[in-house]
Amino acid sequence: MRPLKIVVLAKQVPDTRHVGPDAMKPDGTVNRGKLATVFNPDDLHALELALNIKDRIPGTTVTILTMGPPKAADIIREGYYRGVDNGIMISDRRFGGADTLATSYTIVQGIKKIADYDLIVGGRQAIDGDTAQVGPQCADKLGIPQVTYVEEILDIKEDEIIARRRLETGVETVSAPYPVLMTVHGSSPDCRSRIAKKVMKHKYARTKTEMRKGDPVLEALHLKRPYLVIPEWSVEDIEADVTKIGLAGSPTKVKSVSSIVLTATESKVLNDSDSDIEGMIKELIKHHTIG
Amino acid sequence: MKSVFVYCEVENKKVAEISQELLSAGKRLAEKLDAPLVAMVNGKDLKGIESQIAPYGVDRLFVGDDVRLEPYRTLPHAALVTKVLKQEDPQIVLFGATSVGRDLAPRIASKLNCGLTADTTILDIGDHFVKKEKKEYTDLLYAIRPAFGGSIMANIINWDMHPQMATVREGVMKKEIFDANYKTEVISVIVNEAVSDTDFVVKIIERHIEESDVNLKDAPIIVAGGYGVGSKENFDLLKNLANILGGEVGGSRAAVDAGFIDHNRQIGQTGTTVRPKLYIAAGISGAIQHTAGMQDASMIISINNDPEAPINALADYVITGDLGVVIPKMIKFYKENAK
Ligand SMILES: Cc1cc2nc3c(=O)[nH]c(=O)nc-3n(C[C@H](O)[C@H](O)[C@H](O)COP(=O)(O)OP(=O)(O)OC[C@H]3O[C@@H](n4cnc5c(N)ncnc54)[C@H](O)[C@@H]3O)c2cc1C
Ligand SMILES: Cc1cc2nc3c(=O)[nH]c(=O)nc-3n(C[C@H](O)[C@H](O)[C@H](O)COP(=O)(O)OP(=O)(O)OC[C@H]3O[C@@H](n4cnc5c(N)ncnc54)[C@H](O)[C@@H]3O)c2cc1C
């Protein structure tokens, strides 16, 4: 067992699990403003996996990293409330419109600035783009191995880590040397709740951008407690090549989007009476749907 | 050279179902482009494997045969496929959206610095006019995929960074033999020239793969239960109905999560996509992630005690009632009326 330096990748996403009728604009595009934002569900599992290692091995540090608009600083605070040591926000208007290739390039530039890590964990996939591509692409760009769909860490040895993966048709136990990137499957344990003491300690953590409007009380507090200033990295801070980020660095382009309208079929409405059900069964047999 | 490339998954000398679907879809694209279909398969003991692949109309097949290539591991497969892609330079590259394909394809896309569309359900060829460049791009891949939890379909294209890659969801592309006697050129890849020792640093210690005995995709009738079924025991009722109708049992994710039914029977966005002749949804509310996997069924019966359940909008027959009452009656009346 050895203490690990862990980086957790977490994304703020629109809550696609509760897509209401007003989530779509009349032209069929997504009305992001109408969707609440949440901590990507799989990433909460990744956070738990990291915090669990920290519980098991004293000296382990957990850094949470997110890329997103200013509002995504919620992810960093949420991380603090549950027990991470550090938070880093990558945010710059020029990162907008990135596909997975540009997203992974940007995140990797951030990880390279962090420099010292043994384990990077992310979610298996984000619920908006749903691609599950960012993890493997980051691993490739860092030149390190990847272990996808991790369900449980079975052992943490001096020179290797052993994990169980959840596949479509079974499970697999693998070992990998450090540093390694893992993506975490939703079947792994749920994330612990917020810790009241940590909420008290970190609830005034803010990024520079969030402080832009000016708030004398918070500014004074931040001077006294520098740990409340969430580091926020721009294109220059991570030395990103502007041709590889944002829309310009993204090969995939959305040509068109259509919303899926559940076409209401002419349905026959029945109740649980014998006559209704027998009638239906007879029709199905007559039309050779069954029998 | 214009070509369409398909990565084939293999285990125990058997080419995966998804790969056969992809080869069929790849052939249809290749015909539209008047281009050859190229495939690659990596595994062990692959002598004669071309007999399973050629009939889909494959013009060239690359084979990487080495004991270390099975079971699948990311790094050696990525190295092999990348090498062949650099040499072949196809314009379209397809992988299955399986646990293997979704692990491998992004790694390769990153190496080739190209776009990758995830989880597509429709593939087509078409044109696109780029306003900024005032230029019409022809013969592009239209990779159409559900996103936002299945509530939208997005047509994703890629005109400037080569090749155009996509992963394709299982069970959506129609499998069709092109020519049983199709002649393919088999090219053996020298594995040691593409991989190095460091590609084998991840070691597989143990593996439990259940040969799946469920075949939801091909079942003509599916009786699916949701959280409303209430217990594992109550699912027996659904099994009975499925058995006498000659169908299979499926479930919603809520039913799987509650432990009522096995994971490999989940239907929907993160489960299997099905299009049976008859789909009976019992105690399923009809969340978009569920309906994404069953809305193409020819006929849908919904059994729900909530007359407002969203799934009812899709159903041909809406039975408002308790499934514990309705299903036994369906069994009874079927037995009485079927010949
Ligand atoms: C409708 C739609 C369809 C799209 N289709 C494609 C497509 O086919 N191909 C494509 O390349 N792009 C696509 N995109 C763009 C893609 O959603 C974005 O690039 C997104 O930034 C990252 O991809 P993802 O959400 O799919 O993340 P995933 O790859 O599913 O995320 C996996 C994990 O990576 C980490 N991660 C991802 N993003 C961040 C982040 N910003 N900060 C910190 N950690 C992160 C998290 O741990 C996450 O769990 C699509 C977007 C939309 C809206
Ligand atoms: C990223 C993501 C992916 C997902 N992928 C999938 C997927 O692949 N497949 C999937 O199914 N879900 C998926 N889900 C989950 C989905 O959002 C829903 O939570 C799930 O489908 C709900 O299952 P259900 O309809 O069985 O349960 P519920 O929504 O709880 O519905 C139960 C229904 O049973 C009815 N009922 C209760 N008792 C009775 C009775 N005695 N008789 C008759 N009716 C009764 C109720 O009226 C209700 O309509 C996914 C979610 C996310 C976020």
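Keep in mind that glycine also has a Cβ here, set from the backbone N, Cα and C atoms.
Database features, via TrEMBL:
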type: DOMAIN; residues: B:4-204; note: domain 'Electron transfer flavoprotein alpha/beta-subunit N-terminal'
type: BINDING; residues: B:252-253, B:266-270, B:283-290, B:Asn304; note: FAD binding site
Listed binding-site residues (B:Ser252, B:Gln266, B:Gly268, B:Ile284, B:Ile288, B:His290) that sit near chain A [CB under 8 A]: B:Ile288
Distant-in-sequence Cβ neighbours of B:Gly268 (FAD binding site), under 8 Å, six or more positions away: B:Ser252, B:Arg253, B:Ala287, B:Gln289, B:His290, B:Thr291, B:Ala292, B:Gly293, B:Met294
Filtered binding-site residues, from B:Ser252, B:Thr270, B:Ile288, B:His290, whose Cβ is under 6 Å from an atom of ligand 2: B:Ser252, B:Thr270, B:His290
Neighbourhood of B:Ile284 (FAD binding site) by C-beta distance under 8 A, where only residues 6 or more apart in the same chain count: B:Ala224, B:Gly225, B:Gly226, B:Tyr227, B:Gly228, B:Ser252, B:Ala255, B:His290, B:Ser302, B:Asn304, B:Ala309, B:Ile311
Sequence-distant neighbours of B:Gly286 (FAD binding site) in its chain (C-beta under 8 A, six or more apart): B:Ser302, B:Ala309, B:Pro310, B:Ile311, B:Asn312, B:Ala313, B:Leu314
Most Cβ neighbours inside 10 Å, all chains, among the binding-site residues B:Ser252, B:Gln266, B:Thr270: B:Ser252
Confidence summary (mean pLDDT) of the domain 'Electron transfer flavoprotein alpha/beta-subunit N-terminal' (B:4-204): 95
Lowest local Cβ density among B:Ile288, B:His290, which the record lists as binding-site residues, within 10 Å: B:Ile288
Helix, strand or coil at B:Ile288 (FAD binding site) [DSSP, three-state]: helix
